[in-house]
Amino acid sequence: MSMGQWARDLGMGVRFAVAGGREGWTRALLTAVGVGLGVALLLLTTAVPNMLSVRHERDSARSDIDYSFAEKKKSDRTLVVADVDTDFRNKNIRGRELEPEGAKAPLPPGLEKFPAVGEMVVSPALKRLLESDDAKLLRERLPERIVGTIQETGLIGSHELAFFRGGGGLAPYIDGARVARIDRFGDTTPTETRTDPVLILMVIVVFVVLLMPVAVFIAAAVRFGGERRDRRLAALRLVGSDSRMTRRIAAGEALAGSVLGLVFGTGFFLLGREVAGSVEVFDVSVFPSYLNPSPALALLVGIAVPAAAVLVTMFAMRGVVIEPLGVVRTAKPTRRRLWWRLLLPLGGLAMLWPMIGQGRDGGTFNEYLVIGGVLLLLIGVTTLLPWVVEAVVARLGSGGVAWQLAVRRLQLSSGTAARMVNGVAVAVAGAIALQMLFAGVENDYTKNTGYDTERAQIQVSLSRGARLDPAAGKFRDTEGVRQVYAYAEGYLGERPKEPNMGAEVTVGDCASLREVAKLSSCRDGDAFYVTNAEYDEDTRKLAKDAGRTVFLDPSYEGGPRREEAAWTVPQGLKQAGMRMDPMGRERGGFLLTPKALPTAAQTALRGQVYLKLDASVPDVYDRVRNTSAAADPLSQPMAWSSTRTSDRYDTLRTGLFVGAVAVMALIGASLLVSQLEQLRDRKKLLSSLVAFGTRRRTLSLSVLWQTAIPIALGLLLASVVGMTLGVVLLKMTDTPVVVDWMSVLSMTGTGAGVVLAVTLLSLPPLLRLMRPDGLRTE
Amino acid sequence: MSIGHTLLGLLESGPRHGYDLKRAFDEKFGHDRPLHYGQVYSTMSRLLKNGLVEVDGIEPGGGPERKRYAITDAGITDVQRWLATPEKPEPYLQSTLYTKVVLALLTRRDAADILDTQRAEHLRMMRILTDRKRKGDLADQLICDHALFHLEADLRWLELTAARLDKLAEVVAK
Amino acid sequence: MTPPPGSLLAAEDLRKAYGPTVALDGAEFSIHPGEVVAVMGPSGSGKSTLLHCLAGIVPPDSGSITYNGRELATMPDAERSALRRSEFGFVFQFGQLVPELTCVENVALPLRLNGTSRKEAEKAALTWMERLEVDDLRKKRPGEVSGGQGQRVAVARALVTNPRVLFADEPTGALDSLNGERVMDLLTDAARSTNAAVVLVTHEARVAAYSDREIVVRDGKSRDMERVV
């Protein structure tokens, strides 16, 4: 067989694919869109590992404060960096204050030169935010003049909020954690940071769930117009092409659609890449440049997809012998067997089973098992559905004429019917599972944090040496703050270094102390102790020895030298009763009034301010943050809430919903095309049925039943499989199983809607076909 | 086929000599079998005797004497009757039917009518045969079938001719 | 003009055009109970359109169609459909049997459309299938029977409602002579036995020979051949 002959046959097939008139074009286009979506999704999938690694590289390249506590000497190549991260609303903003100590100080990635004091360089997203009207409060907090933008190399996402600002006098605050002296950027001790396994699981499942229906769709799309094609091939056989040639011509037709699909897919991918650069999911955004599939994988996709399309065509033609005078279907379809169809989903479950209960902290999910398991479960839908349709339809009893017509037709060709709804069923099953996973994980995120937020909702840790009282005063004056509890807090041990015993120390005036313990009487100069608090073991012992010297802020091995301020346990230490502090925590240890603490020991304690807020004041958290930044630029406000609300899944859920609906709409379009094709083939029959008085309603109803029965079965099966998969996924992430009925309903509703729409859209042509013109024999 | 009726029909368009008639007949209907002049002569004298034609005049000339014949009213009526009467459906009818149709076209009569009349007669015959066939034994059936197939062929010819009347009229009018 | 006395179905001055194509141009028709009338004519002459108008499948542009004293030409579609269901029967050339239904279900279909229960409908269907000698095919689907058998099933279906008028459009068009005659024998016998009128559109003279009378349609005009002779 010469190459020329091959090329000629394939070429002829390609011509048939594109030169089939409007109908041929529609078919080629739908195939191409389906293949294109598949290609784009596959390319995106292949780009995900690259994306994650680029993000990781970028993140580690800019890492600065490494908690090493190894003190560096000041030199002309050092830089002092302060972590001034802040939050605005629910967005995290990465902030760094930079104070170069010499001309050779290292420049962080993405920065061209150091901003001077009073200047800052911001990420494009932060710039946009600051320039918007509703970020006035943030602008107050970050009043520095913007002198530039951070380049892509310094960011890990297109939507990342970040700034660098010039700093001065940071050296005294160096503690290795908030403020550090460094001579280079980049992770010196790179650790294999684990991406949240649940996130990876979700990404994998999202892609599998979106890919599967597309794959099913492609499989269906390349079969569009199969009967007509078979007839055409039969005509070609009549004029002398042999059966190998006809197969090659059919392959050419399939190839044309999928090659066009490759072009579409590349377009979709490039488009998707840009879109991906403009969205933010899980507070994670990416730059389009991150989404570069590895060339080898891209090539694989480019070869695999057309090859798969051709293979599906060949597979579909396997039971068909094209003879010159028509098409012979070999081998009467045998009754569908259940066992191997059940094997697939059960196999899928078996693959997922070992990972149940692993959870977020329990190690990794084996990606191959996850992909394999989810794939098998979803493929199980496509293999089970034909059996279910056949089994159910065979048992459907009598009804009206419309019902009888539909049921009989389904009985005769349940495979076709099942194939038509397979795509929708798979999409629905996958979407239900994913929605359940999202909803479950979301619930997990809104779990009770255990904090009592009735009395305080925000805690501000002041920097070392910052004075507590003025700061507390400023908070009192902040709008929306109802109550301020201010304490100097610290920890003491029985010796300055590596103590064996320890206890908390809390310093505050009598009123404040009453908020954390039950005091019978209190005057300034009093000292109290509280025993039996949670985690407290040593207070009882330490409080017994009045006159004993203990050390506030002791040092520990591996850490920097701390204050190690000596303090004598005073005589007349009074025991106080325990009570929950404003954060809902049992506070033990020593409680001192200000006069009970020697001035020398004051620097060994850190100021902590607890604030009770009026939630009805708009942006009250950001007002507090502003006050905090003004009072002490290095202070760290932390908002507590009894439930951590998280809306970060909303975008993902919406995205998934839109994706699922889009896929289903596409499937619906193909359904419509094949439906119309089928109806046209029955034109004569329809007209003759109308001739002898069949009501149009009866025929329309029968068309509706004909799609409604398989789709109902498909959706039912999809719900069962989807919920099973959802439960398994939730168990895998160790999340309490909650069936998200809303998503089940919305997804099945969408599926049903698509079918209803297809039926409605096929009605006008149906009514047209029922006109008596079809009766004309001449 | 009736030569007499045919010649009469030819005379309807105007008086002609005997030789003229022969030439016209040969042109329109004679095709492969020209009419012998003696046949024309004897037919014309029979028609003359029956009063269907009359001698319009005698032209003296070099050759034989040339009688010019004209059709009489009785002759026209006779042609009319002949054309309107369907032939008994039998095989190899078409030469007669063809002549009738052409004559009808020449004399501006309704040729389609002639065909339809014949068609109705054919179908009537076919009904009778079909009926006989349904009631008869196998021998009857086979005999009737033979006749039916022939009649059907005639009928098809009638249909085809009816569909081509316009074209035929053009040819005849030349 | 009034319809000929005693006629069951009569049409006068029917006109019907499909776009620029004139299908009927003043056609006439009449048929008596028990009569078999053949409608002949060349392809495209309008004979099928005449049948469609007579059967109330399409309304004519103008003219009148009287069935049993009722005017069909202006009757609304639903009423015409009901009439077709209950009083008319149809046999077409091909493509009329529902391929998914078994033969007996196909025959029973018109009765079921009229609301007869499935059991009763199939019982009546079987009686008719016996008369047309196809009762052994009852469990078969149309794809599994020969053309002649299929046509006889179709005739059984057309007659199962005991129609007053049976419309047959080239009922033997796809059959060979022997099968065609078999179908015509059974069809005309069955129709005569129930005193149904048969409108038989055909282009085959030997099929038309089963009729009592012949109408020829040419260029949208009809011609009753009885009146010619």
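Glycine is treated like the rest: Cβ placed from N, Cα and C.
Per TrEMBL, domain 'ABC3 transporter permease C-terminal' is recorded for A:205-316 (among others).
The annotation domain 'ABC3 transporter permease C-terminal' is assigned in TrEMBL to A:659-766 (among others).
Long-range neighbours of the transmembrane segment (A:28-48) within the same chain, counting only residues 6 or more positions beyond its ends whose Cβ lies under 8 Å from a Cβ of the stretch, are 17-18, 20, 203, 207, 210-211, 214-215, 217-218, 221-222, 224, 256-258, 260-269, 271-273, 276, 290-294, 297-298, 300-302, 305-306, 309, 663, 666, 669-670, 673. Residues or ranges marked as transmembrane segment by TrEMBL: A:28-48 (among others).
For A:198-222 (among others), the entry in TrEMBL reads transmembrane segment.
Look at TrEMBL and you will find A:254-276 (among others) tagged as transmembrane segment.
According to TrEMBL, the transmembrane segment annotation covers A:296-317 (among others). Only residues 6 or more beyond the boundaries of the transmembrane segment (A:296-317), in the same chain, are considered here, and those with a CB under 8 A from a CB of the stretch are 31, 35, 38-39, 42-43, 46, 218-219, 222-223, 226, 247, 250-251, 253-255, 257-259, 261-262, 265.
Annotated transmembrane segment per TrEMBL: A:338-356 (among others), in sequence order.
Look at TrEMBL and you will find A:368-389 (among others) tagged as transmembrane segment. Only residues 6 or more beyond the boundaries of the transmembrane segment (A:368-389), in the same chain, are considered here, and those with a CB under 8 A from a CB of the stretch are 201, 204-205, 208-209, 212, 216, 336-338, 340-342, 344-352, 354-355, 410, 414-415, 417-419, 421-422, 425-426, 429-430, 433, 709-710, 713-714, 717-718, 721, 724-725, 728.
What TrEMBL records for A:654-674 (among others) is transmembrane segment. Counting same-chain residues at least six beyond the ends of the transmembrane segment (A:654-674), those with a Cβ under 8 angstroms from any Cβ of the stretch are 26-27, 30, 33-34, 37, 206, 209-210, 213-214, 216-217, 220-221, 224-225, 279, 281, 420-421, 423-424, 427-428, 430-431, 434-435, 438, 707, 746-747, 750-751, 754-755, 757-758, 761-762.
As annotated by TrEMBL, transmembrane segment applies to A:703-729 (among others). Sequence-distant contacts of the transmembrane segment (A:703-729) (same chain, six or more residues past either end, CB-CB distance under 8 Å): 201, 205, 345, 349, 352-353, 356, 373-374, 377-378, 380-381, 384-385, 388-389, 392-393, 396, 402-403, 405-407, 409-410, 414, 417-418, 420-422, 424-426, 428-437, 440, 671, 675, 679, 737, 739-740, 744, 747-748, 751-752, 755, 758-759, 762-763, 766.
If you look up TrEMBL, you'll see A:741-763 (among others) marked as transmembrane segment.
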